[in-house]
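Going by TrEMBL, these are the annotated features:
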BINDING   G81, P82, E83, S84, S85, G86, K87, T88  ATP binding site
DOMAIN    51-210  domain 'RecA family profile 1'
DOMAIN    215-288  domain 'RecA family profile 2'
Amino acid sequence: MADVKKKFTSDVAQITNKDEKAKALAAAIGQIEKAFGKGSIMRLGDNKTLDIEAISTGSITLDAALGIGGLPMGRVVEIFGPESSGKTTLTLSVIAAAQKAGKMCAFIDAEHALDPIYAQKLGVNTNELLISQPDTGEQALEICDALVRSGAVNVIIVDSVAALTPKSEIEGEMGDSHVGLQARLMSQALRKMTGNIKNANCLVVFINQIRMKIGVMFGSPETTTGGNALKFYSSVRLDIRRIGAIKEGDEVLGNETRVKVVKNKVSPPFRQAEFQILYGQGISHEGELVELGVKLKLIGKAGAWYEYNGGKIGQGRANAMKHLAENTEVAQEIEQKIRDLILAKPLPVTSDIGEDVVEISAKEEIELTDD
């Protein structure tokens, strides 16, 4: 025992000085890299890819609320909300933005409800989009994992977690009890996939639905399907809600939509963004440009008239939006100026969630009139 203690003391004494410690550390790192591969361990300062690449959501206000200009690559994202709140529309807008950036996208349609015509209207190139309509939850997640490990797919959408039905439930009888099967399936899949997603720098977005917990007396009774694993593994969680209708007379043209960033590991959370989703068109890009342009004083407003760079672009909001839709170069110029302003500095995290920059005032019913 005395000999062992003496040897231990001698070994510690040999690495007391700084140079010896550095050599010992280098030797340990060398052994680890030899065993597990180059890059398995490194100093944080040696990593030159700390800036996280992001894919635009199609909404400037939401990109700003996310803090990095969009959804982060190499991460898991969850988008959840009630029915007809705009979940699929938002993810299709992400695909359209990713395709414009030259990225390969895949859509795993577990709900078997994707409308390719609507996707095209939102700017998705359906000829280049990979689509799978799996029979079981296991099949859907295996396909997702295979696409991630291929390294050739950059964005994967899974629509939705609630539709990822375990094989044993599909093969069973109606009324059979299958407690916790879906939660175990999601937990196992995410444990397996998360590392591959990071290594492949692939964005995986899970769409989820809301359910009600029974017997909740205090707090929100709402919860999402698939257990708690997705909540933990997600770097970003977005809560999307319909908060009002967009009307022209008695005709409803679309929805006012609010998105809350309820979790964010890449930027400060708890911000929110509001934008319009028009039926058959998707997110109202020109509407955001007009609203934010006026707020940031890039677009002038005198009475009902809107002007930019000294020239009038329309009387009333609808005409200003129409002008920007027809003049894409002007719209792109305004968008770039807006992005430079609202993404140049961190947005404040307040109860009003950056109302001066991020939030567009909401009304239960917004009429598109000339005033």
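Glycine is treated like the rest: Cβ placed from N, Cα and C.
Of the listed binding-site residues G81, P82, E83, G86, T88, the Cβ environment within 10 Å is emptiest of other Cβ atoms at E83.
Apart from G81, P82, E83, S84, S85, G86, K87, T88, the ATP site neighbourhood in this chain, defined by C-beta within 8 angstroms of the site C-beta centre, holds I240, R242. Its Cβ taken as reference, K87 (ATP binding site) is surrounded by 21 other Cβ atoms within 10 Å in the chains shown.
DSSP labels the residues of the domain 'RecA family profile 2' (215-288) in these numbers: 9 helix, 39 strand, 26 coil.
Taking a C-beta cut-off of under 8 angstroms and a sequence separation of 6 or more, S84 (ATP binding site) has the following same-chain neighbours: R242. Using a 10 Å Cβ-Cβ cutoff, S85 (ATP binding site) registers 23 neighbours.
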